[in-house]
Structure formats: C-alpha cells, structure tokens
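Colleague: Just lifted these from TrEMBL, have a look:
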- 20-40: transmembrane segment (TRANSMEM)
- 55-146: domain 'FtsX extracellular' (DOMAIN)
- 174-194: transmembrane segment (TRANSMEM)
- 178-290: domain 'ABC3 transporter permease C-terminal' (DOMAIN)
- 229-250: transmembrane segment (TRANSMEM)
- 270-297: transmembrane segment (TRANSMEM)
Amino acid sequence: MSTHLKTAWGYIRRSPFQALAVSFVLTLTFFVSTVVYVLVYSSSKMLTYFETRPQIIAFIKSDVKDTEIADLQHRLEEDAQIRDVKYVSKEEALSIYQEATSDNPLLGQLVSPSIFPASLEFSVNDLSFAQNAINNVKGENIVDSVGFTAALGGETSLDDVIGRLKTVTNYVRIGGITFVGLLTITSLVILLVITGMRVVARREEVEILNLIGATKGFIRSPLVIEASIYTIAGVVMGWAIAFISVLYLSPSIVGYFGDIPILPKDALGLFKLFGAILGIEFFAGAILALAGSLVTISRVKKAR
C-alpha cells in the first residue's frame, strides 16, 4: 500500500499545476455542496417553524362553566393535529395585557379582568391543519370567536402562506441540487482528464508490468489512490471553508432571525450538523473517485 501511495504522490508532484487545477474544482464543488446542504437545512427549519408557530386562540363565552371548558381542552389535547393546548383565564389575560403595556402603566390600571374573555390557545403540527382546526373550534357552542396569530397573514391566507413557503423551499432544493450536479459533472470530467493523462504516460510501464506478471490491482492501485487523494483534499478544503464561513457568520444570522431556528444555536448542534455533512461528502467523494478510477482503469485495459 505504501508503494502505491508513493507512486501516486510522485505523479502529483511531477504535475503540480494539474493537481492544483483538479483540487481547486473539487474544492469549489464541495464548498458549494456544503452551502447548499446548509441552505436546504435552514429552509426546512424555517418552513417547519412557520407551519407550527402560528397560534389559534378560541375566546370563550363569559357564561360558560369550567367543566365545559375542561371538556373542550381535553378534546383538543386528544387531537393528533393539535399541540401545546393552554387555558388562559381572565386574570391571566389581564396580566398578559399589563405586561405588554408595561411602558404605560396607566393603560393597565384602567381595565379589569372582567373585560378580558378566557381563552384556549393552541398550535397545529402543520400549518395546513389550521383551517380545519379553526372551523372545528368555531362550531363549538362555548366559543365566542376564534383568532389566528400568524405574522405571514390571517386566516383567509393560510393556504397561500403554506404554498409560498413550500415553493421557496422547493426552489432552493432543486436549484441547489442542479448547481451541485453541474459542478460534480465538471469535477468528474477534469478528474478523468488528469487520470487519463496518467494512463497515457504509463502505457509502457503498464506493458512492462503486465509482462512480468503484475496483478491488475497492482497496476490500477496508484490511479485509484491518486483520484482518492484529489477527492479527499477537495472534500476537506471545501467543507472547511464553508464551515469556517458559517461559524463566523452564525452569530449574526441567528441574531437576525431571532426565534426562527434557521441554524443550531449551540456549538454542539452546529458541529453535529456539519459532521453529518462531512460524512455525506466523504461518501460522495468516494463515489466520485471510484467512478473516475473505473473509467480510467478501462483505458488501462486498452493500453494493455
């Protein structure tokens, strides 16, 4: 193995500019791949956030018994489409109002709990469930009215909101995959050109090795190792550049988006995300190196 590694390293040292060219393209490919992975992750997290964040508020009529409210709350908690059901009493509603108007205490002193209705607040597991949940709650006799807290639009625009978010996410995924695919094809072509030049340079050497009884694996190994060195270098450098860039920008990004978990907020979560990306890219790099080597090996057979 060490002999094959030395041979492959010798090929690289004899043609440093060719090695730099293929390494640069592979680095660019895996840098863009890492960025695309992060964008897909972030867009998916954003979509999930806006699907589950909006809150539905069912305002209860003033003459309703506590048992009736508890019964409705229990039925909502049993619904698989609904989560985080919470009962807010009149006193709690007043407290929330006073906290929201803490910069002007006079506003809080002018109201009493009696003017605030009790309510049941809950979220849905998917924004597409919201319209059905609102209609069901509106049909309850103890419910006076239903409110919907969604920054992207009101009750009438739910379908449009979810449709736009999913469209943007799909565009990011399709566009990113297409761009990465084009770069991967470019990398494969350049890898084939470089290793193909090795085949031409080794034609006589291959014939001599064949005459003295060298195995096919012995002849092919330096080419496979050389392609692997290029892809490993490209994966590591491309991933490292993207990781350092995101690590540098993540405080600003996380601060800008606030509660939206567009990126992991803790260092461990960020390392896990990029660790998974690195593993995927090593696997993709191995396939790329193997594909380039197989095509090159077929040329070795012709040279023999």
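Backbone N, Cα and C define each Cβ position, glycine as well.
As the structure is a computational prediction, the values presented were derived from the model and not from experiment.
What does the local environment look like for each feature on the list?
Modeller: Averaged across the domain 'FtsX extracellular' (55-146), the predicted model reaches a pLDDT of 78.
Long-range contacts of the transmembrane segment (229-250) within its own chain (CB-CB distance under 8 A, at least 6 residues past either end) are made by residues 8-9, 12, 19, 22-23, 25-35, 38, 187, 191, 194, 263, 270, 274, 277-278, 281-282, 284-286, 288-289.
Sequence-distant contacts of the transmembrane segment (270-297), counting only residues of its own chain at least 6 positions beyond either end whose CB sits under 8 Å from a CB of the stretch, comprise 26, 30, 33-34, 37-38, 41, 184, 187-188, 191-192, 195-196, 198-199, 220, 223-224, 227-228, 230-232, 234-235, 238-239, 243, 246-247, 250, 263-264.
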Colleague: Should anything in the same chain at least six residues away from the transmembrane segment (174-194) have a Cβ under 8 Å from its Cβ atoms, list it; otherwise answer none.
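Modeller: For the transmembrane segment (174-194), the far contacts come to 15, 18-19, 21-22, 25-26, 28-29, 32-33, 36, 39-40, 227, 230-231, 234, 284, 288-289, 291-292, 295-296.
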Colleague: Tell me the residue counts in helix, strand and coil for the domain 'ABC3 transporter permease C-terminal' (178-290), as DSSP assigns them.
Modeller: 99 helix, 0 strand, 14 coil
